[in-house]
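K.L.:
One structure is given below, represented as C-alpha cells, and several questions about it will come after.
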Ligand SMILES: NC(=O)C1=CN([C@@H]2O[C@H](COP(=O)(O)OP(=O)(O)OC[C@H]3O[C@@H](n4cnc5c(N)ncnc54)[C@H](OP(=O)(O)O)[C@@H]3O)[C@@H](O)[C@H]2O)C=CC1
Ligand SMILES: CC1=C(/C=C/C(C)=C/C=C/C(C)=C/C=O)C(C)(C)CCC1
C-alpha cells in the first residue's frame, strides 16, 4: 500500500516534533510526513531527531497557522494537494489573572489555537470530501473538557476547538472523513517553560494582591508539582496519537492521561455544576497540603517504576 501523506503543524519542538519523527520512523513505512513549522530557522532539533528519515519519509516545510497564504502555499506544494491525515498540533499557552492580560494577547491565543485549526481544516476539507477519505486529528487538551483556574483564555480556546470539531464530525463522517481530538493532561515540553517564563515577566500590579498571591503561591506552586509528578512525555502523546491514527474506526475523543478522566467526568455526573465547583474549590483551597503529599508520593512511585523497568530491560527480560 502507498504511504499516507501526513501533515503536522508546529513541529519545531514538543509533541509535534516527537510525533513527526515517530511516524517517519514507522517500521511498516506507512507514512510520508510533511513536518511543518512557522520558523524554519528552528528546524535544527527536528533535523537531528529525524536522522536518516530526513528527506526520505520526513520533509520539513514552512507553515504558520495564523497566515492563510503560508497555509495555501504549503498545501499547494504537495502533489495533487493530497493530505490523507492532517494533525493540528500548533498551539500556545497562557496563564495568569485576566486583569493582567490584554485583549490583544487573548486574541493571539484564539488566533493560533482556534482559528489556526479552522484555517487548516478549511484548506484540506474540500479535497478530502472529493476523495471521500481523510482523517483530521487535533491536539486538544483536558482543558478542552474542563476549565482549570488561571487558564481562562487557553481553556476557552480549547473549548472552542472541541465545539467546532463536535459539530463538524457528523458531516465529515458522511464523506468518510474521521475527526479525532487528542486530550492530553500536562506534558513536559517548552509549552510549560514558555508559560512560566511569561508568568515571571508579567506585571501583577493590575490585579489585587490577593489574586496575585493566589496565582503565584497556589496555582504556580501546584501546577509545577503536577507537571513534575503527573506530566507525560511528548513521546507518550505521540504513541497515543499513532494508536488513534492506526485504528480502523478512530475514536472522536481520546484522553492520554487516565488520572484526569475522573476530573473531566464531574460535570457530566452533576449537570448543575455543583459537584465540579465544590470538588475543585476544595482541592485548591482546602486540601492543598494533602494534594501535595499525594503528588510527591506519585512522583516517587513513578520513579521507582521507571527504575524497575530499566532494570528489567538491562537484565534482558524485555
Ligand atoms: N504541554 C502540555 O502540557 C500540553 C500541550 N497541549 C497542546 O499540545 C500542542 C503542542 O504543544 P507542546 O508540544 O506541548 O508545546 P511546544 O511549545 O513545545 O510546541 C508548540 C508548537 O506550536 C508552534 N506554533 C505556535 N504558534 C504557531 C503558529 N502560529 N503557526 C505554526 N506553529 C506554531 C510552536 O512553534 P514556535 O517554536 O515557532 O513557537 C511549536 O512548534 C498545543 O496545541 C498545546 O495546546 C495539550 C495538552 C497539554
Ligand atoms: C488538576 C488541578 C490543578 C492543575 C492542573 C494543571 C496545571 C493542569 C495542566 C494541564 C495542561 C497544561 C494542559 C494543557 O493543555 C490545580 C488547579 C493546580 C489544582 C486543582 C486540580
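Glycine residues also receive a Cβ, built from the backbone N, Cα and C atoms like all the rest.
What TrEMBL records for this protein is below:
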- 154: active site, proton acceptor (ACT_SITE)
- 10-38, 64, 158: NADP(+) binding site (BINDING)
- 141: substrate binding site (BINDING)
K.L.:
Have a look at the binding-site residues (10, 14) and report the one with the fewest Cβ neighbours inside 10 Å.
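P.N.:
Selected from the binding-site residues 10, 14 on minimum Cβ neighbours within 10 Å: 14.
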K.L.:
Give me the Cα-Cα distance between residue 38 (NADP(+) binding site) and the residue listed as 'active site, proton acceptor', rounded to a whole Å.
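P.N.:
Checking the Cα atoms of residue 38 (NADP(+) binding site) and the residue listed as 'active site, proton acceptor' gives a distance of 20 Å.
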K.L.:
In the structure shown, which of the binding-site residues 22, 30, 38 has the fewest other Cβ atoms within 10 Å?
P.N.:
30
K.L.:
List those of the binding-site residues 10, 14, 26, 30, 34, 141 whose Cβ lies under 6 Å from any atom of ligand 2, in sequence order, or write none if there are none.
P.N.:
141
K.L.:
For the residue listed as 'active site, proton acceptor', write down the residues of its own chain that are at least 6 apart in sequence and whose Cβ falls under 8 Å from its Cβ; none is a fine answer.
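P.N.:
Looking at Cβ-Cβ distances below 8 Å from the residue listed as 'active site, proton acceptor', excluding near sequence neighbours, one finds 93, 94, 95, 109, 113, 141, 143.
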K.L.:
Less than 6 Å between Cβ and the nearest atom of ligand 1 is the rule; apply it to the recorded positions 22, 30, 38, 154.
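P.N.:
Passing the 6 Å Cβ check against ligand 1: 38.
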K.L.:
Name the residue among the binding-site residues 18, 26, 34, 141 whose Cβ has the smallest number of other Cβ atoms within 10 Å.
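P.N.:
Least crowded of the binding-site residues 18, 26, 34, 141, by Cβ count within 10 Å, is 26.
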K.L.:
Helix, strand or coil: which one is residue 141 (substrate binding site) in, per DSSP?
P.N.:
coil
